[in-house]
Amino acid sequence: MKVSVIGCGYLGAVHASAMADLGHEVVGVDVDQRKIDALSAALPPFFEPGLPEILASASESGKLRFSIDISAVADATVHFIAVGTPQTQGSAAADMTYVEAALDGLLPHLKPGDLVVGKSTVPVGTAQKLADVIEASGTGASLAWNPEFLREGFAVQDTLTPDRLVYGVENDSATEILDEVYADALSKGTPRIVTDFATAELVKVAANAFLATKISFINAMAEISEVVGADVTQLADAIGHDVRIGRKFLNAGIGFGGGCLPKDIRAFAARAEELGRGESVAFLKQVDAINLRRRQRVIDLALNEFGGSVVGKRIAVLGLTFKPASDDVRDSPALDVAVQLHGLGAEVVATDPQGIENARLRHPQLTYVDAASEALTGADLVLLVTEWDEYKNLSAQTTGELVQNRTIIDGRNVLDAGIWRSNDWKYIGLGRP
Ligand SMILES: NC(=O)c1ccc[n+]([C@@H]2O[C@H](COP(=O)([O-])OP(=O)(O)OC[C@H]3O[C@@H](n4cnc5c(N)ncnc54)[C@H](O)[C@@H]3O)[C@@H](O)[C@H]2O)c1
Ligand SMILES: O=c1ccn([C@@H]2O[C@H](COP(=O)(O)OP(=O)(O)O[C@H]3O[C@H](CO)[C@@H](O)[C@H](O)[C@H]3O)[C@@H](O)[C@H]2O)c(=O)[nH]1
């Protein structure tokens with residue numbers, strides 16, 4: 001099929017490359033010349049495992065090209081909208097201006113039979129509005145809503161072999177077109193839910209709200225554990241054995257961040273309020289509040305170590321991205337804590353295998369070093385805040401030889417407390433004795 005993907009960020013660049021990998025003829029369009037230049041040279045503009053390989057092979061096969069010019073979509077019959085829907089400045093609601101601009105740019109190039117497919121995460125009710133605009137344009141094109149569930153760090157495999165496909169459609173022909181697009185995954189038995197626009201839009205925000213709630217639930221248990229001296233990691237293991245609960249997404253720590261969960265739960269709550277149903281998801285405000293308290297907890301623990309002031313203390317921050325296997329620092333708990341400690345007068349020395357460039361763009365005031373050993377040298381306190389393998393596998397003994405003072409706050413609860421303590425470290429976990 002001839003496919004266009006409008007918006008080539010973390011979602012769109014992977015989607016475009018994966019569609020081409022499956023044999024479709026794809027053009028990706030973005031307004032960011034830097035991204036288009038990189039992608040056109042088959043170089044991913046961000047770090048995502050597996051993307052370099054499929055981008056290179058699809059580009060070489062001639063199935064994949066990129067353009068800054070929206071008219072490049074004219075040949076395609078399926079047009080995915082994958083632009084950003086960030087949090088609006090000064091409000092909890094999603095900023096829909098990029099989606100609106102993408103559709104405006106697309107409209108003059110639509111032909112009868114074309115299908116516009118929404119992938120961006122949007123407030124429920126958006127698809128109907130966009131469908132009305134397309135209908136009024138008289139182009140003869142129509143709309144489907146096909147939310148995306150990929151995780152950064154696993155984006156390629158999640159796109160090629162998704163857990164499920166959700167189609168929000170108004171007619172069978174949209175379903176047939178999407179079935180053709182996703183023929184490979186469907187042939188492997190991927191479940192497919194065909195529904196209306198509103199359900200498709202809600203599935204996406206409900207999934208992210210559930211995941212965020214699960215994380216904040218375990219972090220709430222961590223808060224209680226801290227008071228009574230219980231161990232939240234054992235608690236998670238124990239309740240996780242119940243298959244109705246499950247162990248996944250029960251890792252207590254510094255909390256969730258990224259370009260999705262935080263802004264999606266806020267946008268969902270804001271949309272529910274607009275719909276007069278704010279109380280139905282009022283708990284999401286608690287989910288958000290619990291999450292943000294975990295960042296404060298790490299700051300408080302650091303302050304406690306130095307009698308209430310971190311001024312002049314050298315703090316090694318291991319990790320800047322919101323999760324490992326990504327260079328994404330959007331709403332990253334790790335970066336947030338580093339910036340706040342710097343603001344409190346600490347001498348923060350931060351490191352990350354992939355996130356330094358993005359972190360430096362946003363917060364040039366921090367000191368960044370490439371090697372963990374350099375960050376650790378002379379440290380008065382160590383914070384492990386993103387669970388990259390190389391930090392999980394740090395040796396307590398060799399790390400101890402580098403630092404000034406053997407105190408570590410394990411913001412992801414990934415180190416073996418016993419080993420660190422037996423190497424003369426003061427080990428502080430979150431919700432662990
Ligand atoms: N990142 C993820 O893991 C993920 C997963 C599922 C869903 N989503 C959703 O997908 C959407 C995109 O997220 P993202 O993380 O890829 O964001 P992103 O910021 O990485 O990418 C968005 C891209 O859209 C481009 N853009 C903006 N306006 C444009 C226009 N008018 N025409 C063409 N390009 C335009 C931007 O330049 C940018 O490259 C969001 O709604 C997000 O919630 C993201
Ligand atoms: O037990 C856990 C699991 C995750 N996290 C944190 O939660 C955040 C989000 O993690 P994850 O969901 O793996 O990352 P994303 O790539 O943001 O993916 C989420 O957001 C995407 C965008 O909407 C969705 O497509 C995915 O399905 C959804 O998992 C990260 O900061 C993690 O560190 C925890 O603190 N504890």
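Glycine is no exception: its Cβ is also placed from the backbone N, Cα and C atoms.
What TrEMBL annotates here:
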type	residues	note
BINDING	ASP30, LYS35, THR85, THR121, GLU152, LYS263, ARG330	NAD(+) binding site
BINDING	PHE149, LEU150, ARG151, GLU152, LYS204, PHE249, LEU250, ASN251, ALA252, GLY253, GLY257, LYS323	substrate binding site
ACT_SITE	CYS260	active site, nucleophile
DOMAIN	316-417	domain 'UDP-glucose/GDP-mannose dehydrogenase C-terminal'
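Shown here: features listed in TrEMBL, placed on the structure.
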| residue | record | CB count, 10 Å |
| --- | --- | --- |
| ASP30 | NAD(+) binding site | 24 |
| LYS35 | NAD(+) binding site | 21 |
| THR85 | NAD(+) binding site | 23 |
| THR121 | NAD(+) binding site | 24 |
| PHE149 | substrate binding site | 17 |
| GLU152 | NAD(+) binding site | 25 |
| LEU250 | substrate binding site | 20 |
| ALA252 | substrate binding site | 27 |
| GLY257 | substrate binding site | 23 |
| CYS260 | active site, nucleophile | 26 |
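Listed in sequence order, GLY257, GLY258, GLY259, PHE322 are the same-chain residues six or more apart from ARG330 (NAD(+) binding site) with CB atoms under 8 A from its CB. For ligand 2, the recorded positions lying close by, meaning a CB under 6 A from one of its atoms, are PHE149, ARG151, CYS260; the full candidate list was ASP30, THR85, PHE149, ARG151, CYS260, LYS263. Sequence-distant neighbours of LYS263 (NAD(+) binding site) (same chain, 6+ residues apart, CB-CB distance under 8 A): THR85, PRO86, GLN87, ALA94, ASP331. When the binding-site residues ASP30, GLU152, LYS263 are checked against ligand 1, ASP30, GLU152 have a Cβ within less than 6 Å of one of its atoms. Look at the binding-site residues ARG151, LYS204 and count other Cβ atoms within 10 Å of each Cβ; ARG151 has the fewest. The separation of THR121 (NAD(+) binding site) from LYS204 (substrate binding site), Cα to Cα, is 7 Å. For the pair formed by PHE149 (substrate binding site) and ASP30 (NAD(+) binding site), distance between Cα atoms is given as 21 Å, rounded to the nearest Å.
Residues PHE149, LEU150, ARG151, GLU152, LYS204, PHE249, LEU250, ASN251, ALA252, GLY253, GLY257, LYS323 are listed as the substrate binders, and the farthest two of them sit 25 Å apart at their Cα atoms. Nearest Cα neighbour of THR121 (NAD(+) binding site) among the listed recorded positions (ARG151, LEU250, ALA252, CYS260): CYS260. Comparing ASP30 (NAD(+) binding site) with LEU250 (substrate binding site), their Cα atoms are 36 Å apart once rounded. On the 0 to 100 pLDDT scale, the domain 'UDP-glucose/GDP-mannose dehydrogenase C-terminal' (316-417) averages 98 in the predicted structure. Take ASP30, LYS35, THR85, THR121, GLU152, LYS263, ARG330, the residues named in the record as contacts for NAD(+): the widest Cα to Cα gap among them comes to 23 Å. Across the structure, LEU250 (substrate binding site) and the residue listed as 'active site, nucleophile' are spaced 18 Å apart at their Cα atoms.
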